[in-house]
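Marked as transmembrane segment by TrEMBL: 35-59, 103-123, 135-156, 177-199, 219-237, 268-285, 305-323, 335-357, 372-399, 411-431, 472-491.
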Amino acid sequence: MTKSIRNRVDLEGCEGTCSKPTSEKPNLDGDWFNFYLLIILYIIQGIPVGLSGALPIILQSKKMVTYEDQAAFSISLWPYSMKLLWAPVVDALYFKCIGRRKCWLIPLQLLMGLLVLYMASNIDGWLPASGKPNLKMLIIVVFVVNILSATQDIVVDGWALTMLNKKNVGYASTCNSVGVPFGMFIGSVCFTLLVSDQFNSTYFRSTPGTGGLVSMKSFLYFYGSMTLVITSIVAIFKKEKDSRLEDGYVNINVFQNYKLLWDILKLPRIRVLALALLTTRIGYTATDSVSNLKLIDAGVSKDDIMIITTALYIIKCIMPIFVSKYVTGPKPMTYFLKITPFRLIWCTTYVVLIYYTPSLIRKDGLVTVPTYYYFIMGLVLITNEVLNFFMLLTLFAFFCRLSDPRFGGTYMTLFNTFFYLGFLLSNTLVLKLVAFLTFRKCSNNDQNCCTTPDLTNLCKTNGGSCVVSVDGYYIVVFISLTIGFIWYGVFRNIIKKYQSLNASHWMINIKRPVTVIESCLLSK
């Protein structure tokens, strides 16, 4: 009798979450408002990520930073790989009268908006039109903005699992994959082109002048102000469901949440999955992180790259409409694995493009980009991004299916942290390796290897210039692709097996408090 009661208590403790998924077909009728709200919240989250990607391109175009400086700036994105440290706090501490997720979302977005306004008031001094930028302040402020954005990601990912009806939870990945890229488009492409003097002169300005369509200050002021307005509207009009009414609701404190996180990490399957996620992006990191910078070095305008990138974001916004049936299916990772080898092979087209770019766009020492080059570059970039985006959709859908709604913020943050940590660490490492493995020598003195500022100045004083003798980019791409194919061979069958497991295999059983009657029976 004692054993049967204990078993019943354990089963009741995970009731509603360890059961089989609902068999109802996804249908957004009655859920459209929540669907669009989630997209808006993800857009707000994506803009800082876009700015973090636009600023390195702007810095590179000014020819005032090195690849080591770029590696230093890449640290500003690290909060997305660190958010697991405070995710249990976000999941456990909240005011019931406001809402489990809403009480975090409102102050986070208000702080984000205010900090962006502060950045706007100082951006002209930190990133001047000429002269060396204040890289230290840019890194600090963007880093803090990304801390707020990363924490908002924890909140929205957790809220998405309960804001949408159970039958529509697969659309959470669609909201993420539409909203975040659109926000990144605004923060990267729109920001870069709208503030570009060259873009304005080429396409809009009829008379000579300086400056873009808008200034950096104006753009940032607009984003910060809109964030404050949208946050106020959500605070006033959006009501959050009482988390205590959720199926299988378990109230645990911060310490228990960290213990829960530790229990999750101790699951053998989670450890293997973590290793797979940490290394899954290594094969593509060199081409994804460095290729655009190398194109700029070769003479391609940053504006031309961003114009092509515009087409990429249009495709990203449209793609989920056509691929939702694949990513919301029972085995989304099947498509992820099918595409992996093709994407690795496609990375070699970047290498060929960058190698031949100088000879294709330079004539008699002047940059003259032929029309056919834009088609070639567009084909390479767009194909790579289409493959990448579809793989992200399938991966996020996989995360949603594995996550326990009771601790959705912790689960989703755990999986996303492993994925982004692997990308960000390899991103910084790749930029460092490209600088380390690139060798130069003076054009009129083979003995001068230009390894120090003094040797570089000596070369210039003697009428020479430091030219690249060995480009580390090609070495790093070869290393990355080799690791990528090894990853595919090691984890292919493992991931196939994991996606076939029932959701209960990934959950931690949390016992509800035993009643007085049950405790009396257990003592007998």
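Counting begins at 1 with the first residue displayed.
Every residue, even glycine, has its Cβ placed from backbone N, Cα and C.
Predicted automatically and left uncurated, TrEMBL annotations should be read as such.
Here the structure is a predicted model, which means the values were calculated and not measured.
Sequence-distant residue pairs (6 or more apart) of the transmembrane segment (103-123) and the transmembrane segment (411-431) include fewer than 3 whose Cβ atoms are under 8 Å, leaving the two stretches without contact. Of the ranges 35-59, 135-156, 177-199, 219-237, 268-285, the one with the most Cβ pairs under 8 Å to the transmembrane segment (305-323) is 177-199. By the Cβ criterion (under 8 Å, sequence separation of 6 or more), the transmembrane segment (268-285) is in contact with the transmembrane segment (411-431), since 3+ such pairs are found. Within the same chain, the transmembrane segment (177-199) stays apart from the transmembrane segment (411-431): fewer than three Cβ pairs sit under 8 Å, each pair at least 6 residues apart.
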